[in-house]
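Novice: Annotated domain 'Orotidine 5'-phosphate decarboxylase' per TrEMBL: 5-230, in sequence order. Taken from TrEMBL, the feature substrate binding site covers D11, K32, 59-68, T123, R185, Q194, 214-215. Residues annotated as active site, for OMPdecase activity in TrEMBL: D59, K61, D64. Sequence annotations record features per position, and here TrEMBL assigns active site, proton donor to K61.
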Amino acid sequence: MTIDKVIVPLDVSSQADAIALIETLPQVTFWKVGLELFVSCGPQILKQLKQRNKRIFLDLKFHDIPNTVAGACRAAARYGVDLITIHATAGKVALKAAQSAAEMGANEAGVPVPKLIAISLLTSLNARELAFDLKIPLELPEYALQMALLGQECGLAGAVCSPQEVAQLRRTCGDDFLLVCPGVRPSWASKGDQKRSLTPSEALKAGANYLVIGRPITEANNPMTALKLISEELDAAEKIVK
Ligand SMILES: O=c1ccn([C@@H]2O[C@H](COP(=O)(O)O)[C@@H](O)[C@H]2O)c(=O)[nH]1
């Protein structure tokens, strides 16, 4: 089912708003809990999602020294979530420590080990910002690839990348490496702060495993209709991919 490849972010600031969204879109099986919701209402929302048999992408984008990210990943893994994010720029020692700690936390809690995935480069940044603001002397696609490869070398399960880099990452990192793409925008939706987007069908055909699509659905006049349009677009694209 292509709808299972869509992860919808719960980018709201209260548990009540999050639950309202979950109940408005019962066909969504995979939800993302990010900084806004987790900081607002804590891990309680994870229980709510698990009670409803939903898969959980805990997108807290850890970025700290090895000891601290390890502690955070160990604690996050105990919740029995499916995906956890860490910035690749935390570095090799931190990525390896985070991976071992996630395994330890899950084993302690007797839950499946979550997939730890590395943020390669935020999808809100473009080549100009990378070069002139962040002073990174690599072309953007090469930089995103190197960050994904760093994650892979450290034993992580996958990476978060923009749909514009996913084909290159898929070719280089192989079929078993999980590629999760935010910054996906249907042709009818506004881009907002996303700077490296493609449409859902383009992202799927380019090799993404999961598409994170938020505001085009959650801020639509009718979220159910928006999700249906995306689902039909993905169904058509999957027939071409197969
Ligand atoms: O590089 C990244 C990493 C994470 N995100 C998250 O994905 C969603 C996108 O929401 P939209 O409303 O579809 O823009 C959001 O929760 C981000 O925190 C990202 O956009 N880019």
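Just so you know, glycine gets a Cβ as well, placed from its N, Cα and C.
Any TrEMBL annotation is an automated prediction that lacks curation.
Source: prediction; values computed, not measured.
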Novice: Between the active-site residues D59, K61, D64, which lies closest to G214 (substrate binding site), Cα to Cα?
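Specialist: For G214 (substrate binding site), the closest Cα among D59, K61, D64 is found at D59.
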Novice: For H63 (substrate binding site), list the number of other Cβ atoms lying within 10 Å of its Cβ atom.
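Specialist: There are 17 such Cβ atoms around H63 (substrate binding site).
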Novice: Hey, what's the Cβ neighbour count for L60 (substrate binding site) at 10 Å?
Specialist: 17
Novice: Which recorded positions, if any, among L60, K61, H63, D64, P66 have a Cβ under 6 Å from ligand 1, given in order along the chain?
Specialist: none
Novice: Grab the pLDDT values for the domain 'Orotidine 5'-phosphate decarboxylase' (5-230) and give me their mean, rounded.
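Specialist: Within the domain 'Orotidine 5'-phosphate decarboxylase' (5-230), the model's average pLDDT equals 98.
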Novice: If you measure D59 (active site, for OMPdecase activity) to D11 (substrate binding site) at Cα, how many Å is it?
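Specialist: For D59 (active site, for OMPdecase activity) versus D11 (substrate binding site), the Cα atoms are 11 Å apart.
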Novice: Pick from D11, D59, D64: which of these recorded positions has the biggest number of other Cβ atoms within 10 Å of its Cβ?
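Specialist: Counting every other Cβ within 10 Å of each candidate, the maximum falls on D59.
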Novice: What does DSSP assign P66 (substrate binding site), in three states?
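Specialist: The residue in question, P66 (substrate binding site), is helix (DSSP, three-state).
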Novice: Which secondary structure state does DSSP assign to K61 (active site, for OMPdecase activity), in the simple three-class scheme?
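Specialist: Reduced to three states, the DSSP call for K61 (active site, for OMPdecase activity) is strand.
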Novice: I need the CA-to-CA distance for K61 (active site, for OMPdecase activity) versus T123 (substrate binding site), whole Å please.
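Specialist: Here the two Cα atoms lie 13 Å apart.
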Novice: Just how many other Cβ atoms lie inside 10 Å of the Cβ on K61 (active site, for OMPdecase activity)?
Specialist: 15
